There are 2 protein chains.
Amino acid sequence: MQPIVRIAENLGLSDEALELYGKFKAKIDFTKIPERTSPGKVVLVTAISPTSAGEGKSTVTVGLSDALKRMGQSVVVALREPSLGPVMGVKGGATGGGYSQVLPMEEINLHFNGDLHAITTANNALSAFIDNHLHQGNELNIDPRRITWKRVLDMNDRSLRNIIVGLGGPSHGITREDGFDITVASEIMAVLCLAKNLEDLKERLSRIVIGYTYENEPVNVRSLGVEGALTLLLKEAIKPNLVQTIEGTPSIIHGGPFANIAHGCNSIIATKTAMNLADIVITEAGFGADLGAEKFMHIKSRQANIIPSSVVIVATVRALKLQGGKHKNELKDEDVEALLEGTKNLMKHVETIRAFGVEPVVALNKFITDSEQEIHTLLNWCKENNISIALTDVWAKGGAGGEDLAKLVLSELDKPSNFSPLYELADSIEQKVRTIVQKVYGGKEVVFTENALKQIRQIEDYGWDSLPICMAKTQYSLSDQPKLIGRPTDFTITVREIIPKLGAGFLVCLTGDIMTMPGLPKKPAALNMDVDNDGQAIGLF
Amino acid sequence: MQPIVRIAENLGLSDEALELYGKFKAKIDFTKIPERTSPGKVVLVTAISPTSAGEGKSTVTVGLSDALKRMGQSVVVALREPSLGPVMGVKGGATGGGYSQVLPMEEINLHFNGDLHAITTANNALSAFIDNHLHQGNELNIDPRRITWKRVLDMNDRSLRNIIVGLGGPSHGITREDGFDITVASEIMAVLCLAKNLEDLKERLSRIVIGYTYENEPVNVRSLGVEGALTLLLKEAIKPNLVQTIEGTPSIIHGGPFANIAHGCNSIIATKTAMNLADIVITEAGFGADLGAEKFMHIKSRQANIIPSSVVIVATVRALKLQGGKHKNELKDEDVEALLEGTKNLMKHVETIRAFGVEPVVALNKFITDSEQEIHTLLNWCKENNISIALTDVWAKGGAGGEDLAKLVLSELDKPSNFSPLYELADSIEQKVRTIVQKVYGGKEVVFTENALKQIRQIEDYGWDSLPICMAKTQYSLSDQPKLIGRPTDFTITVREIIPKLGAGFLVCLTGDIMTMPGLPKKPAALNMDVDNDGQAIGLF
């Protein structure tokens with residue numbers, strides 16, 4: 001690792017804009033960075049419908065940026081920051097893989113400059129202010145049964161999903177049902193990631209709806225008068241973090257909202273900062289193109305005028321075989337037929353990106369279990385179907401394994417952008433959802449439950465219906481049924497509930513049970529974790 | 001403020017040992033600091049029985065260190081770090097006051113290098129592992145009704161004191177009663193503050209008892225196998241933090257356990273680090289000498305061989321009048337008679353420190369409401385009673401207002417130390433408590449409830465009875481009755497419950513209702529907090 005001051009120097013970051021956190025991490029005071037007249041171009045990395053293990057999207061994002069740097073380009077990679085809960089639970093680290101990782105992995109995976117802790121604190125301070133308000137006389141007439149604001153912890157903790165608080169008698173608050181989500185599911189995480197600056201952050205925080213009165217009128221943070229305190233708690237967390245890849249490419253890691261009940265991209269501030277520091281910015285969006293990329297285009301791009309000049313769709317032989325009907329326990333076995341069947345899923349994601357006016361590049365991210373035959377089959381299939389594709393071997397080779405992909409991306413960056421969103425904000429809620437279902441998922445129709453329709457009418461009454469849609473849907477299928485693989489066509493999507501997120505500025509449409517607080521497995525990854533007497537982490541990976 | 005690298009340079013800290021957190025804060029890698037053959041001498045700052053507003057103990061601690069620095073001494077001040085909960089609730093900042101403060105106040109009062117967040121995370125990870133263990137088959141046969149480990153948040157949140165977790169059906173954990181304490185009440189805070197190094201930290205964490213089986217056998221962290229993961233979560237938090245006073249005196253701020261259910265001092269690592277960096281270390285202990293100082297002597301000194309060479313007892317005219325019977329709303333009014341009556345309380349604390357073999361110095365910490373007459377009365381009374389006393393005016397004048405005190409302290413440091421604890425660890429639990437009650441509180445006897453006696457027998461059965469005692473008692477009286485002011489003599493103390501803290505290594509004796517999760521007032525301090533568009537905090541003080 002190079003000292004982070006060196007990375008910053010190479011980026012042209014002034015001393016004034018750099019706040020060191022140890023020797024290998026820093027925060028960037030983005031207000032001290034001059035705006036470029038021609039900001040860097042943005043490359044968005046997305047994926048086909050993924051397996052539960054993921055397709056190495058972060059790994060490709062890092063490897064592609066390292067490849068571009070090797071080729072002499074001015075490049076910064078912008079990524080989401082990992083949540084501690086899953087790190088302790090299932091999988092260890094989440095900072096890319098192999099030779100395409102960001103460093104220092106331990107710190108990034110553990111407390112990383114305190115951003116998630118600050119969000120947890122602000123979220124739970126708001127909860128404490130709400131319950132204190134109830135306890136101290138409830139001037140705002142908040143209905144304890146209608147409080148929608150939940151507490152959060154950055155932990156996988158199923159026992160906190162459904163709880164009762166305020167037990168123990170009159171000195172100990174008002175008894176009511178409550179629950180904890182994981183921190184990355186907090187609306188404050190989405191708010192932080194969509195805010196343009198501290199002022200905008202405060203404005204967004206003040207708009208957050210925490211529940212409703214007994215008369216069913218919305219109650220927001222402004223009416224509680226605590227938006228200043230919440231902003232104060234987030235004043236450092238709003239600054240993006242600077243680290244580096246194994247190959248020394250500058251990496252800005254900041255924010256990590258869920259890609260189902262939120263929009264799944266790193267912060268706007270991080271992307272904008274990167275665009276003011278380099279010619280090319282490589283960034284990613286969560287899950288497949290039906291979720292992360294769609295939200296990037298309709299929520300993040302629109303709010304911040306960040307237009308992707310190129311889109312990379314990460315595919316793997318494993319995921320294609322899964323989408324072609326292969327059982328998830330047999331993905332290591334060669335199966336060209338399943339692979340070819342699975343290309344239907346890839347084709348849909350390619351068409352989706354094209355529908356936004358961008359010509360995508362496919363990255364076939366190599367796993368050691370892939371057969372030569374499978375790889376060649378996919379490469380040929382793409383050529384036959386006029387789809388740009390490059391094989392990436394960035395896990396094993398770092399940037400050197402991403403140069404073919406980098407060349408394709410560079411040639412796309414030279415072309416003029418034809419980006420346009422698929423729906424207008426002025427469309428009705430039903431119409432916006434219908435557009436996503438038909439044009440992005442390839443489905444036939446949307447069904448709104450009676451409950452959802454009632455909520456839509458109420459949202460219209462409150463005047464919130466011109467917000468963009470944030471679909472909460474399974475990532476495993478283009479439909480809302482996880483097992484409906486490949487490219488289903490004749491399906492309907494059922495919207496069961498609509499949750500307005502006024503601070504983030506979108507309407508979450510729930511299409512199934514979305515888990516907002518994961519649980520730990522029987523043998524959590526934590527059992528293998530330790531630290532040696534020199535303070536070095538053991539068992540994080 | 002000077003850049004923290006300059007403060008570090010002046011201290012002789014190597015680059016290797018310094019980890020910057022922004023421009024004005026750092027962490028110290030204490031393993032990289034050579035041990036002095038003659039370590040710095042320790043000055044402990046304690047107080048008489050305090051008012052609810054506090055007597056400015058931290059202010060005097062800071063001012064004394066600044067005074068010593070002005071006089072050319074090599075000095076470091078070691079302090080506890082503030083909890084965010086009270087900052088949001090009642091009083092704003094907690095970093096000293098006036099011209100005797102540590103900087104940067106905003107950062108120290110908000111997230112300060114993440115230590116408390118790391119403790120919160122480790123504490124709640126343990127809770128998640130416990131509930132996951134129950135959910136996944138409960139191999140250890142833990143009785144959910146006998147789990148003593150609680151969750152924590154660094155927040156004043158009364159609604160979380162008594163909760164039910166694990167509702168919602170079989171996928172959502174085992175239903176049981178639980179509750180949240182404030183983070184500073186976590187045993188992990190006490191563990192961090194008493195650990196000598198990372199290895200000792202892990203060993204202590206592994207000993208923590210989280211509850212009991214259905215057969216009433218204790219279950220510790222080691223049996224859950226997560227001490228490595230918890231240590232990993234604390235590997236940065238174990239490093240003490242370096243900041244500075246307004247006058248540029250190096251300040252090491254680290255850890256802040258409660259002074260009732262825990263021992264109320266900054267970390268041993270911080271004090272030891274300071275002792276290896278300067279000739280004189282000024283440090284403090286929570287509440288009055290009956291609580292913080294007693295625990296410093298019997299718990300911290302004993303565990304770490306840190307002997308106070310001098311003890312300062314902070315007194316104020318206000319607190320003396322309160323102890324002399326004046327109503328708390330009339331403390332601004334001159335009342336020499338009440339003041340003189342209140343000296344009985346001061347005298348008891350002086351005698352207590354003398355009983356430990358140390359000759360105390362009294363600091364009369366000046367408030368603007370004090371009358372000349374009151375001040376002179378106390379100065380004379382001390383002279384007549386052969387008690388060293390100096391008037392300090394550090395709030396208004398910084399170090400210049402503490403030079404008289406500094407001279408008295410310096411003369412004490414030249415004298416040989418006669419320190420000895422008042423009880424032996426081998427004494428029975430009853431005898432140890434009796435010694436504290438009689439020799440420190442000046443009471444007549446101890447009464448153990450039937451429940452407490454049962455617990456003592458059980459603690460003896462488990463072989464834990466040779467641990468030191470950590471009394472949880474009101475700070476407002478030498479007795480266990482807050483309203484029994486002055487120097488009561490003929491009182492008994494009732495011990496209701498004994499909580500073994502195997503990780504910290506002490507037995508908490510509860511003598512009344514001790515609040516381990518505060519609540520917010522009707523108008524929390526947070527309502528006045530904000531941040532301007534330059535990122536500067538508003539309303540923290």
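Using the three backbone atoms N, Cα and C, a Cβ is placed for every residue, glycine included.
Where the annotation comes from TrEMBL, it is an automatic prediction and has not been curated.
Annotated features in TrEMBL:
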| type | residues | note |
| --- | --- | --- |
| BINDING | B:Thr51, B:Ser52, B:Ala53, B:Gly54, B:Glu55, B:Gly56, B:Lys57, B:Ser58 | ATP binding site |
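Between the binding-site residues B:Thr51, B:Ser52, B:Ser58, the minimum number of other C-beta atoms within 10 Å of a residue's C-beta occurs at B:Ser52. Within 10 Å of the C-beta of B:Gly56 (ATP binding site) there are 27 other C-beta atoms, taking all protein chains into account.
Fewest Cβ neighbours within 10 Å among the binding-site residues B:Ala53, B:Gly54: that distinction goes to B:Ala53. B:Glu55 (ATP binding site) is surrounded by 26 other CB atoms, counting those within 10 A of its CB over all protein chains shown.
Taking the centre of the Cβ atoms of B:Thr51, B:Ser52, B:Ala53, B:Gly54, B:Glu55, B:Gly56, B:Lys57, B:Ser58 as the ATP site, the nearby residues of that chain (Cβ within 8 Å, site residues left out) are B:Ala47, B:Pro50, B:Thr316, B:Ala319. DSSP assigns B:Ser58 (ATP binding site) to a helix in the three-state reduction. Taking a C-beta cut-off of under 8 Å and a sequence gap of six or more, B:Lys57 (ATP binding site) has these contacts in its own chain: B:Val45, B:Thr46, B:Ala47, B:Pro50, B:Glu284, B:Val314.
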